[in-house]
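Step one of this worksheet: look at the structure below.
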Amino acid sequence: MNDDHEMLLAEYATLRAEIEHSVERRFRIVTAGAAVIPVVQFVGNRYDIGFVSLGLPLLVLIIALLFTAENNGIMRAGRYIREVIEPRLYPDGAGWERWLECQEDFDARLVDKMVVIGFYLIESLYYVIGVVIGLQFARQMGLGPNVLWTLGVTYALLFVLIAYLAVKQPRIRTVLLEERAPRVKPRSKSRSKSRSS
């Protein structure tokens, strides 16, 4: 093996490890988002810490940003593997990332897509509930209509930001549709035998 090949293998291994760590962090973010947000809200209500209610939508936004950052890192590393490393390691077009993108008969990334969609749906629900609770708290505090409107507009703008992130989230693939290569089908043994005879 030459040094360039060994370097590519080392780079591939490093990026795959980075992807694995990002997937683990993404799972922890989803788990924390599903558990921490209701707990924070419960503690705020239980101990009458109403200002927690006002900050809850911001916590949801932070969790969504962390998730988006990890997911983008995964896609970026996968795309680099597909575009830079795999063509040099597998000139015939083979490779994991390329295989994932060339499947025509099934969607190899369906679960990844469902995780992202599910995450944004849950976060949106948490956000809306947090906004309703926050505005109720602000009303109970006797804050005037101007403050309530300001809070409402701020919360609405933050929700638009979350929606924008969800829509602009890179497709769960490392290749654009127009870049898709035709699927390479392995030749059957019977065909190759008939051709050789």
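Quick reminder: no glycine exception, Cβ is built from N, Cα and C everywhere.
If you look up TrEMBL, you'll see 49-69 (among others) marked as transmembrane segment.
Away from its own ends, the transmembrane segment (114-135) comes close to residues 30, 33-34, 37-38, 41, 53-57, 59-61, 63-64, 67, 71, 148, 151-152, 155, 158-159, 162-163, 166, 169, 172 of its chain (Cβ-Cβ under 8 Å, at least six residues beyond either end). Summarising the annotation, TrEMBL assigns transmembrane segment to 114-135 (among others).
For the transmembrane segment (147-167), the list of distant contacts is 54, 57-58, 60-61, 64-65, 68, 120, 123-124, 127-128, 131, 134-135, 138-139: same-chain residues at least six beyond its ends, Cβ to Cβ under 8 Å. Summarising the annotation, TrEMBL assigns transmembrane segment to 147-167 (among others).
Through the fold, the transmembrane segment (49-69) approaches residues 26, 29-30, 32-33, 36-37, 40-41, 43, 119-120, 123, 126-127, 130-131, 133-134, 136-138, 140-141, 151, 155, 158-159, 161-162, 165-166, 169 of its own chain, all at least 6 residues removed from its boundaries and within a Cβ separation under 8 Å.
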